[in-house]
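The structure appears below as structure tokens.
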Amino acid sequence: MSLLLAIYAGAFALVSGAIAVTRPNAVHALLYLVVLLLALAVAFFALGAAYAAVLLIMIYAGAIVVLFVFVVMTMPVSPESVTRERASLRGAWPLPLLLSVLILAPFVFGEFGVAGTSAAAPVSAQEVGRLLFGPWALAIELASLLLLAGLIGVRHIGRSDRTPRSRP
Amino acid sequence: MASLLPFVPVPALIGFLVLSLMPVALSRTVVIALGVGAAVLPAILFAPVAVSCLEGGCVAGAAVPILSIDVGVFVAQIAMSLDPLSMVTGGTVALVAALVLIYSGAYMASEPLPDLRRYFALMNLFLAGMLAVVFAADVILLFLGWETIGLCSFMLIAFYTKLPKAVSAGRKALITTRVADAFLLAGLMMLFLSAGTTRLDGMLAAVPAMDPWRLAPIAGLIALGALGKSAQFPFHTWLPSAMAGPTPVSALLHSATMVAAGVILLARLAPLFAAAPEISAMVAMLGILTAAAGALIALIQTDVKKLLAFSTMSQIGFMVLALGLGAPAVALAHFAIHAAFKSLLFLSAGVMSHASGGSTAIEALRGARYRQPWAFWSFAIGAASLAGLPVITAGWYSKEAVLAAVWSSGPCGVPLWLLAATAAMLTGAYAFRVVFVAGSQSADLAAPPWGGAAVMVPLGVLTFVAVVGGLSVGALIGFTGGAPEHIPLLPTLLGAAAPILGVVLARQLVRHPRELERVAHRLRHVRAFRIEILYYYYFVRRFRTIATVLGNADGTEAAAQAAALRRESIDAPGLAADDPLGRAFGGEAAQPDFIARATDGQTPVVRLVSGDPVGRILIVVARVFVGSFVARFSPDQIDRGWMGFAGSFGHAWEQARRLQTGRVRDHSLWIALGCAALLLYAWGTSWR
Amino acid sequence: MALIALILLPAVGGLIAFFIAGQGERERWVAIATFALMLVLLVAIVAGAPEGRWYAQVSYPWVPSFGISLDFAMDGLSASLIAISAGLGIISVMASWSEIRTQSGLFHASLCWTVAATIGVFLSFDLLIFAFFWEAMLVPAFTLIAVWGHGDREGAALKFLIFNAVAGFGLLAAAFALASMADHMTFNAFELAEMKLSTSVQVWMLLGFSLAFLVKLSVPPFHAWLPEAHTLAPTAGSILLAGVLLKTGAYGLFRFAPMLFPQGLAAVSPYGIALGAAGALYGGLVACGQNDAKRLVAYTSIAHMSIVLMGIAAGVHYALAGAAVEMIAHSFSASALFLLIGALYERTHTRDLRQLGGLQQIAPRFAAAFALFCSALLALPGTANFVGEALVVVGIFQVNWVFALLALSTLIVSVIYATRLLKGLVFGQPRPNAPLADLNWREYWPVLVMSLATLVIGLYPQSLLALLEPAIKAALVLPLP
Amino acid sequence: MTGSDLIGMMILAAGLFAIGVFGVLARRGIMFQLIALEVALSGPALGFVAAGAYHADPQGQGMFILVLTLAAAEVAVGLALFLRIRRTAGSDDSDIISGMKG
């Protein structure tokens, strides 16, 4: 398990994230998002979290981003929307940049006291499974509840023929 | 037997209560019996206490507590003291009072019943008050007794209510003594505040700890109070005019006991005055001044009671002198002996004047020797004792003790002694002047049958004491803690010669009355001696003029007019309309508007009645105060301040609203900012 | 156990009164019965009390981890204040017999709950429970003013609530800070009293506590809520406010300031006296300018409570005794005056001094009652107020004679407003065609009881002082006698 | 895997999160904000897995799974909202919906 690969992949993900965020064109942004996720998966493999990497690719890149693509398809990516995005981005980037730098600074300059080394053995899927269905059983139930809430939310918001009810 | 002490004044008090408050009509004999009995009982009750004291039962400072009042913050202890001083003075007072009351049983017999009953009630109340003063071991009982005897002296002086002179004399006595009592009260209060306890011994114990600048005023005030009661120089005018009361009253109150209350108090507080030398010096000066002046004025008196009054004042001057020089025991001995022979003089003079038609002029007594031999001889012995004829009379021993004390009292003792000796000589002179006049021949020799046991017994006892009492003077001084002075032979001899010289002078004066008249006439014109008139011009008259001006008697019709206005409830606009002074301010327009504004049209704060300039000034000041000062407070500025503060929140909210743009980006911006701040803070504090 | 019963009784009584509030007088009698029962229970506790300062003491651990326990204790001071609260409860019910018609069930319930909360304050010695009851007191009082008041009652009630609730936070903050400072977190006042804190910390804690107490004590600059609250509250409301709620402020200061922060109080005491003196003078002067009788009495309460503050801040024995007596005396005089003015308002529907007057000719009982309580207002010797104020002034003379002179000037000002009230109501000509019914039995007996109490304490203060002595000794701070 | 490596991974995770936040704040389009959100979410995911790897503890990956479910639910709702807004407000600019304006 080579650390170098992990760090390299992480950095790669970082760069692709930066690009994804600054693209005026939605489809480009999405593609760079996929690149980021894949880089992340490589990093996970490097860190020995094979199960997590596979999940990331299957569910995150596979399902969630695909959802994005469906929605982006419905969006008319017209040249003037691109120019409008570029104009809006140009006008508004200094303050958020300062803010994100502020958020990043403590981590970069903070001398964390994580001393010593640990035998970072790769964590196999069995252990994760034993964990999930052992002590974390309740967490999983809650996660399912979360998904149910999302489901109901989407169904409710997504309904098209809603007649606006008069407020009580 | 000591616990019997608090019950000594009780019979006199009961006598007073029964005689004055009992709704039942008592017959004459019952009244006299009750009055005299209630006065004699204390003396009888006192005997066992005195005996136990003589056997060493009482040491200086011992006290019998009666009751204690817990005022939450400190405990006031009312107690009677069982020390030699109260024994000596208590004994004298009880004995003299008993004898005088027995005498007055006969002397006042001819009074109408209600007056008689009032007389005996008041005499008993006086006795109770005097005993309270004498025995008091704490300030409260002392001042209670002090005021009671002051009140009784006023009521008894003004006994003959029909005589305007008696009533005015009573008022004069009361006012003067009350002024002095005010000084005394102030002094005692300051003493209490700095000593913290109401017990006399506690106060005396606290005296050394007090710093002198605080002690001097206290001692001064108390001395003034005591001297006022004892009719010393600045306050002496009321004593001669107090002779307007009946003779037994003058005998008991204004010769033996009441006037000596001041001396007793000064003796009891002797350590206090020892700690304030300049005050004692002042007291001594006043004493000697009064002694000399009293003797001189007594010399030129024509009325025997006035003479005896001035003589009392002079003798008490001697006592105060002794006290001032720091010899309380000697003063007390002189007080005891003086009480005896002075009451003897008064009682016998009463008998003689009663027999000669009631007038107390010295001329009227001429020939009393043959009409009333008993009374005359007792008067003569009394006069001898007063003059202090050597060896044979008690007066000599006590006066000698006083003179000895004066002689050996420090540097200026000798000149003081000389002055005291001349005063003694004058005393001898005026004492024997009356004796010679009374002893000379007179035309009407018819002696109306009068007297009887009730008169003779007291006179007899007092004569016995006046003569034999001298032997006990040395013992008395030792008993009350003073050391008898041993002085060289010469001053004693001179002291003895002085009264004899006085007698010779008296004989001269009686034989040549005209020189006496000239001397008296010249003396009367000396401004210093016309103190009586001095008082009248400087104080009384001025006070009366101010009172009339303030009272503004002529303002009454203005009051009537104001009342009329009010009745028709015409709402006269404030000050000007209905009040003379208002008009004086220049009529209608002059009234300052802020007064009207202040009282915002309501009826003026106080409808001004009658022309009282001082009162009105206060009203105007009050209304100006209300108008300008208080009005500024009425809308409660602080309240408006708070409401303003609350109002400001409204504007703050306006600004705050602009912050809420509702756009998702801005909201998340604020959230991110908060998160960044938290991270920075965390980094700043814990991560290092 | 009895102490908790003493708190629960009015609470339950209020509940019952609320539920059985049909037509007719049922809920009024239930309220009166509750308060009477409380008085009986109180007497039983005091009678059966063991020797020593505390008549009864009870402590149940509630939240041990945070050191919160239900510890209640009653001594002379709290007993007398509880007795007054119960007594005033009965009096306020009688006073509002004809005045309150709408929702009288809720009215009597909130009366009982106010008294229940104040008794909680008087008994509790656990700071958190004390703070709880302190805030709980406000809710029923708020409803009393807001629902049955006159004029802009909601505004007055809101102002009352905001002032006191915000000040309550000061108390709460200080309590938590103090509790956390103890080695093992505890809110018990006795344990906290043993903690040795540095003077500066004590001063800060004291400021936190006294913020709440001063606002409840309505010492100027914190007094703004009192005039509206008292003036616009119904008669019963203003009686309870003046007679009971003001006392919780004084009681808190009297009990906890010297107990928890002796050095702090000693350091702050000159400023406390100065504040009290200035407040008394300010309250008095403003009272002189008022035309509404109830507002005038409200401002006099401010002046009297500032005098109580002076007494407590002075810290010497006389001053503390004076403050304690003044607290109790003020309950009687202020509530009696509110009762009388309320009764007058019921009859003449005006409280303006300029319109009223002439009671002497048409309503002698009114005039007599007003005369007595106005004399109590100006602390005439012989009334309990005089005892209180005289002792306070004597105490302050020992501490600092300049403040004592200031305190004396407040007595002078008190004469001005007392006589103005008397002139406005009693003297002068009655309005021509305004027949006025004199006091009926419901108003006459409470006034009689209160005047008797004022005179008894005035003429024989020893009875009350003996009762309060242990509490006063415990509150002594300064080394003076 | 030494401590400093873990720190390195943490910094990377923080970087990802910072970029995501920048994206949400800077972009006006709702779609772009959602994408930026996804980037931001991937930051903590990396952090959790790195920590799990460092301590050889399965909980890291457990947390990652929870992050996944969160991302899924969140995207679903986000996109539904996006569609809804586009239909009602007619534009995909997030500043249009400022009904919450104070």
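The backbone N, Cα and C atoms fix where each Cβ goes, glycine too.
Computed from a predicted structure; not experimentally measured.
Features as listed in TrEMBL:
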type	residues	note
TRANSMEM	C:6-22	transmembrane segment
TRANSMEM	C:29-50	transmembrane segment
TRANSMEM	C:70-93	transmembrane segment
TRANSMEM	C:105-123	transmembrane segment
DOMAIN	C:125-410	domain 'NADH:quinone oxidoreductase/Mrp antiporter transmembrane'
TRANSMEM	C:129-148	transmembrane segment
TRANSMEM	C:160-181	transmembrane segment
TRANSMEM	C:201-219	transmembrane segment
TRANSMEM	C:231-254	transmembrane segment
TRANSMEM	C:260-284	transmembrane segment
TRANSMEM	C:296-321	transmembrane segment
TRANSMEM	C:327-345	transmembrane segment
TRANSMEM	C:399-422	transmembrane segment
Annotated stretches the transmembrane segment (C:29-50) and the transmembrane segment (C:399-422) touching (3 or more Cβ pairs under 8 Å):
no
Residues sitting near the transmembrane segment (C:260-284): Cβ under 8 Å, six or more positions beyond its termini, same chain?
178, 189, 192-193, 197, 199, 202-203, 205-207, 209, 214, 219-220, 223, 299-315, 396, 399-400, 403, 406-407, 409-410, 413-414, 416-417, 477-478
Among the recorded stretches C:70-93, C:129-148, C:201-219, C:296-321, C:399-422, which has the greatest number of Cβ pairs closer than 8 Å to the transmembrane segment (C:160-181)?
C:201-219
Same-chain residues at least 6 beyond the ends of the transmembrane segment (C:129-148) with a Cβ under 8 Å from one of its Cβ atoms are 68, 70-71, 100, 102-103, 106-107, 109-111, 113-114, 117-118, 120-121, 154, 156-158, 160-161, 164-165, 168, 171-172, 175, 187, 189, 212, 216, 229, 232-234, 236-237, 240-241, 245, 248, 252, 256
With pairs 6 or more apart in sequence, are the transmembrane segment (C:201-219) and the transmembrane segment (C:399-422) linked by at least 3 Cβ pairs under 8 Å?
no
One stretch in C:6-22, C:231-254, C:296-321, C:327-345 has more Cβ pairs under 8 Å to the transmembrane segment (C:70-93) than the rest, namely C:231-254
Would you say the transmembrane segment (C:231-254) and the transmembrane segment (C:327-345) are touching, if the rule is that at least three C-beta pairs must lie under 8 angstroms and be 6 or more residues apart?
yes
Taking residues 6+ outside the transmembrane segment (C:6-22), which of them lie with a CB under 8 Å of any CB in it?
30-31, 33-35, 37-38, 41-42, 45, 72, 82, 89, 103-106, 108-113, 115-116, 119-120, 123
Same-chain residues at least 6 beyond the ends of the transmembrane segment (C:231-254) with CB under 8 Å of its CB atoms are 77-78, 81, 84-85, 88-89, 91-93, 95-96, 99-100, 107, 111, 114-115, 118, 121-122, 130, 134, 137, 141, 144-145, 148-153, 156, 209-210, 212-218, 292, 294-295, 297-298, 301, 305, 308-309, 312, 320, 323-324, 327, 330-332, 334-335, 338-339, 341-343, 345-346, 351, 471, 475
